[in-house]
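Visitor: Below is one structure. I have some questions about it.
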There are 2 protein chains.
Amino acid sequence: MVAERGRRSGAGAAQKRSRPPAKSGAPDADNAPTAEMPAVVATTATTPDPEVRARSIPEAAVARLAVYLRVLSAMAEQGATTVSSEELSTAAGVNSAKLRKDLSYLGSYGTRGVGYEVEVLVGHIERTLGLTRQHKVAVAGIGNLGHALANYGGFPGRGFPVEALFDIDPDLVGVPVGGLPVSHLDDIPRVCTERQISIGVIATPPTAAQSVCDRLVAGGVQCILNFAPVVLQVPEHVEVRKVDLAVELQILSFHVARRADDAELAASAVNGKPGSAKARKGKAVAGNGAVIPS
Amino acid sequence: MVAERGRRSGAGAAQKRSRPPAKSGAPDADNAPTAEMPAVVATTATTPDPEVRARSIPEAAVARLAVYLRVLSAMAEQGATTVSSEELSTAAGVNSAKLRKDLSYLGSYGTRGVGYEVEVLVGHIERTLGLTRQHKVAVAGIGNLGHALANYGGFPGRGFPVEALFDIDPDLVGVPVGGLPVSHLDDIPRVCTERQISIGVIATPPTAAQSVCDRLVAGGVQCILNFAPVVLQVPEHVEVRKVDLAVELQILSFHVARRADDAELAASAVNGKPGSAKARKGKAVAGNGAVIPS
DNA sequence: ATATGTGAACGAGTTCACAGCG
DNA sequence: CGCTGTGAACTCGTTCACATAT
């Protein structure tokens, strides 16, 4: 079944809206975990529990936290010590309400009437994202893309050291790339286990992706970042994120096409239908770069 | 049926809420349709509108259409002529209800009791995604990643030919990469205009990204795929999609951390609170690999 | 009988607006 | 007052279940 019962969204208050026809055939499914209390902390028993933070943060908010973190780090480097939600949100390309809501998921660390302390916020976000531990990365498939990834040296910022490279090409095995020798795909399970790799990056051709994925899983990898254009099959305890260039381009293509259609329509928008005159509204916030997609 | 031209006009119920002026960047979606009545959509149901297909497809669905397209192409190559929603959805890693809903956005092209004709479906999806036209691509920043992108030759499948490369390094300008000579960043506007580039890919260091972006826009580019970890500022008619490696990894990191916390909790789950024993559930999505939305 | 197409319930995520602290 | 924190309204997206067509 498609279970799902995951995160209860932020704010408590299970406030349903007036629901017209109470027909409902068989809604059932997840039993709401008595979510009644006002979200914040208290959630778990008596402890303000400094450790419970992470729980129940909407997936989308997590992605934005990473962005806030980057912006905050940049601000810190420039000597800023405090920021208001307005400043930070603008720099991150979201609106201030969303930003405050996102930050509220990790507790109340701002000062009313003032703003947030940069250092403090950075610390809390890092902790929430689990950046206090190191996550060793392995890259499989040392082609053009894999090469690029391997050469990143330690991945974005630090905290994600690349500690293993794999490829199937015999001419490549043993050769150091970015200072690290390439191992054979067959050794993925062993090497990953030995080096305690927790994140595997798949940059192989699509045909090899699933098999590589299986081996990564066998090697104890917990998360996979997949650049190959295939839908991976993984056991449920493994988290997969996919970055698909073709999909990205096609989404952009869709928007170009839509826009072109609108232009056409605009031409014939002279007649009746007052409502249709305005045609569709523009998209939303410019730079808000919708998180990545899928 | 949902739509007509973008937002439908306010249906009955004069419910709206006070709407302040909308300060800075707020998108301000104006009139809210008050989700009060059963969306029976009598609202504007009067439009059979034959050609309007593409309009009003949820962003998320668009991304999946691209995936369906890939799967369908693969099936076609293997000689399949029809597919059921069940087969296709499994192959694409979604559930059949979602698949059918997605396909319904582009019209009814299935045969009840049978399924869909592969060829027909491919055609409709391609048309909807605007893949019938070619979208010329330019890549700016020929470092490791840019190099990899340039060497893709024609991007994913075809339909996205790379027709311009840019970099700021004098030693690189003029040198052919993947068969195409690199031009200087300063020439972006001119070259993009001349070659009718419609999609720009930014693979430069973060510091250069905004400036490159501005030049791409000046060159008439309509869409931008941004690999640089910065929030780009663009005029509203330009569509931006962002692919951020650091963010992806940090999201994965978050999940690792959450899982670890759960493990800890599980250990101390021996005591009271019968309900809390189960601690949180794993993620959802059964079979397929998570497919995280975004 | 079987599988599509879709209205409507459900739930996730976003925005609003204001209570309340500093 | 100013700005955070947040309940509640609203919108978007997903899932359900069944009428409908073949």
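A Cβ is built for glycine as well, from the same backbone N, Cα and C atoms used for every other residue.
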Visitor: With TrEMBL as the source, which of B:67-106, B:147-186, B:187-226 is set down as DNA-binding region?
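Guide: Residues B:67-106 are the ones TrEMBL records as DNA-binding region.
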Visitor: Give the mean pLDDT for the DNA-binding region (B:67-106) on the 0 to 100 scale.
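Guide: Taking every residue in the DNA-binding region (B:67-106) and averaging pLDDT yields 96.
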Visitor: Can you filter B:G141, B:I142, B:N144, B:L145 (the binding-site residues) down to those whose Cβ is less than 8 Å from some Cβ in chain A?
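Guide: Correct list, in sequence order: B:N144, B:L145.
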Visitor: Which of B:G141, B:G143, B:G146 has the fewest nearby Cβ atoms, counting only those within 10 Å, among these binding-site residues?
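Guide: Among the binding-site residues B:G141, B:G143, B:G146, the sparsest Cβ neighbourhood within 10 Å belongs to B:G143.
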Visitor: By DSSP assignment, list the helix, strand and coil residue numbers for the DNA-binding region (B:67-106), in that order.
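Guide: Helix, strand, coil within the DNA-binding region (B:67-106): 28 helix, 2 strand, 10 coil.
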Visitor: Helix, strand or coil at B:G141 (NAD(+) binding site), per DSSP?
Guide: coil
Visitor: Tell me the Cβ neighbour count for B:L145 (NAD(+) binding site), meaning other Cβ atoms within 10 Å of its Cβ, over all protein chains shown.
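Guide: Neighbour count, Cβ to Cβ under the 10 Å cut-off: 24.
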Visitor: Drop a 10 Å sphere on every Cβ of the binding-site residues B:I142, B:N144 and tell me which sphere holds the fewest other Cβ atoms.
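Guide: Lowest Cβ count within 10 Å among the binding-site residues (B:I142, B:N144) is B:N144.
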